[in-house]
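Undergrad: Sharing the record's features from TrEMBL:
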BINDING   G21, L22, D23, G24, S25, G26, K27, T28, G95, N151, E152, K153, D154  GTP binding site
BINDING   T28  Mg(2+) binding site
Amino acid sequence: MGQTISSYFTAEKSLSVLMFGLDGSGKTTILYWLKEGEFVQTQPTIGKNFPLALAHVIPCSGFNREEIEMKNIKFTLWDIHMPAPEIGFCENEHGERRIRPMWMPYFEATEALIFVVDNSDVDTIQRAKKELHDVLSDPLVAGRKLLVIANEKDTENAQSNLKISEHLELKSLKGRKWYIHRCNAKSG
C-alpha cells in the first residue's frame, strides 16, 4: 500500500496529504499501517459518535496527523473525520455547498487527497459518492490529485476498480488526475 501512495504522489520531496471518507471506512487504520508498516489496533477518531444535534454548536473536527516518510518523500498525512455530509458542508451566500470553515485549513493546506471507501459496503457507496463529489466541487481543492483507496478488497462483496469507478462516477472528474488502489487496511 505504501509503495502505491509514494509512487502516485511523486512531484514533491515534502507533501501535505488529506485523507477523508465516511465513518468506519478504515482511514485511521490505513494511516497507522502506513506509518508503522503493520496493523495497529485503532480507536474511532474523535468525533465519530458525535451527536448530529450538537454539530452546529460545538466545532468538533476529529483528526489524526502523522509525518510519514516513504521513498525519500515526506508526507504530512491528515486523517479527518467528517461525521456526515450535513455537518461537513454549509451553503455560502450564493447557495453553493462549501466545506465548513472548521475544515478549511486542512483542505487549503493540502496538495493531494486520499479518499477512503469501504469496498465491501455497497449500501454506503452512494453516500460516499456524494461526500467525494461535494468535497471535489469546492474551489479549495481544485486541481489536487486524488487517490481512492478501496478498503476491504478481500471480502465477499468487494468490487473491481471498474465498478468502484462507476459507483463513484470518477470519469466525470474532468481535469483531475485520479487513481484507485484496493487494499485491506489490516494487512496492507
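Just so you know, glycine gets a Cβ as well, placed from its N, Cα and C.
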Undergrad: Among all chains shown, work out which of the binding-site residues D23, T28, D154 has the most CB atoms within 10 A of its CB.
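TA: Output for this query is T28.
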Undergrad: For the binding-site residues S25, K27, E152, which one has the sparsest Cβ surroundings, going by other Cβ atoms within 10 Å?
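TA: Sparsest of the binding-site residues S25, K27, E152 by Cβ contacts within 10 Å: E152.
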Undergrad: So what sits near G21 (GTP binding site) in its own chain, CB-to-CB under 8 Å and at least six residues off in sequence?
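TA: Looking at Cβ-Cβ distances below 8 Å from G21 (GTP binding site), excluding near sequence neighbours, one finds K27, F115, V116, V117, A128, E131.
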Undergrad: Sorry to bug you, but what's the C-alpha spacing from T28 (Mg(2+) binding site) to D154 (GTP binding site), rounded to the closest Å?
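TA: Rounded to the nearest whole number, the Cα-Cα distance is 19 Å.
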Undergrad: Between T28 (Mg(2+) binding site) and E152 (GTP binding site), how far is it from one CA atom to the other, in Å?
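TA: Cα-Cα, rounded: 14 Å.
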